[in-house]
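Okay, structure first, notes after.
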Amino acid sequence: MAVSGFEGFEKRLELHFFGDDPAVIDMGLRQLEFESLEQVLHAVQCTVVSAVGNHYFDAYVLSESSLFVYPTKIIIKTCGTTQLLKSIRPLLHYAHHLGLTLCSCRYTRGSFIFPKAQPFPHTSFKEEVIYLEETLPSNLCYRKASVMPSKVPSHSWHVFTASNTNEAHMALTHPHIPDVLYTLEICMTELDRVLARKFFRRPNDNKTGDTAGKEMTEITGINDINPGALICDFAFDPCGYSMNGIIDGDRYSTIHVTPEDGYSYASFECVGSIYDDHDDVVNVLKKVVQVFRPATMSVSTTCASHEVWTRVASALEPLGLKCRSCAMDEFPAVGSVVFQAFTARRK
């Protein structure tokens, strides 16, 4: 294990807003000036490197991971030594000017490979929770923080949620949200060395990050994970890769890769619906594993319904990954979070 290196494990923040003016809700946060988003990211210490959008949302590839902006929802996911939680205050400020009020917050992350390198407020989960408690408005009165353990020492899952309602099945009770969505957050470590090499650029290749990124998407098979997705990809110099995929309407997927030996890491995240074909999530998981062949991986499934996580193990076990542990917990307004850890069966 390297003494220090680039921190692949991301911090992820999801904020939901509401407003009374239907005209505002229509575009909502998507009306934010690009300069305002840059100010938010400046507080976090990262920048936009590429972007794509559709009728429903805008997806930005960042110098450290990804940003998704919907009319009433924002998701920021950042790796390295970024200070993600420092985005909350400026975001609340800008949202307020658009007539939007925060109604829920979800913060998640795995276990850092290099925890001592993290700056305030990410020095420990306890510090993060204190910072969140102090920063979030008091109307978010239903709050819960939890560390979900696993039998794989390097993987545990940290979750903090806050909401103005205790109702866990928001998607079921709001008639304008007929769908029940789930989020899969996958963290992979000890990637196959040969496969990880594909995320290194050749020295002096004279390519832009976009061109090199497009090549990586193709040669690694990432373009097969969600065929038909609108992909926005970027290759970093000398190594590393990020992509956002717009899958279908308001769905996204995102991949980030830190390929260096000793602290190699890849993440995959996607949003799906419990009404999707049951094979969809199984096929996606299989393709993700085939791109990276990790020795260790964890899968966090967040959903107001319980069906999805049961498909995870059945997808991964035939690929030689053994489920070592499974933890489940309930969170206000989020529903259940199920955290499963897998390791490759030793040959």
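In case you wondered, yes, glycine gets a Cβ from its N, Cα and C as well.
According to TrEMBL, the protein carries these features:
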BINDING   Phe6, Glu64, Phe236, Glu260  substrate binding site
ACT_SITE  Ser65  active site, schiff-base intermediate with substrate
MOD_RES   Ser65  pyruvic acid (Ser)
ACT_SITE  Cys79  active site, proton donor
ACT_SITE  Ser242  active site, proton acceptor
ACT_SITE  His256  active site, proton acceptor
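When the recorded positions Phe6, Cys79, Glu260 are screened for a C-alpha within 10 angstroms of the C-alpha of Ser242 (active site, proton acceptor), no residue qualifies.
Sequence-distant neighbours of His256 (active site, proton acceptor) (same chain, 6+ apart, CB under 8 A from its CB) are Gly8, Glu10, Ser65, Ser66, Lys77, Cys79, Tyr241, Ser242, Ala266, Ser267. Excluding the listed site residues Phe6, Glu64, Phe236, Glu260, the same chain places Gly8, Cys79, Gly80, Cys239, Gly240, Thr258 with Cβ atoms within 8 Å of the centre of the substrate site Cβ atoms. The number of other CB atoms found within 10 A of the CB of Ser65 (active site, schiff-base intermediate with substrate), across every protein chain shown, is 26. Over all protein chains present, the Cβ of Ser242 (active site, proton acceptor) has 27 other Cβ atoms lying within 10 Å.
Take the CB of Cys79 (active site, proton donor) and look out to 10 A: across all protein chains shown you find 27 other CB atoms. Within the set of binding-site residues (Glu64, Glu260), the lowest number of other Cβ atoms found within 10 Å of a Cβ is recorded at Glu260.
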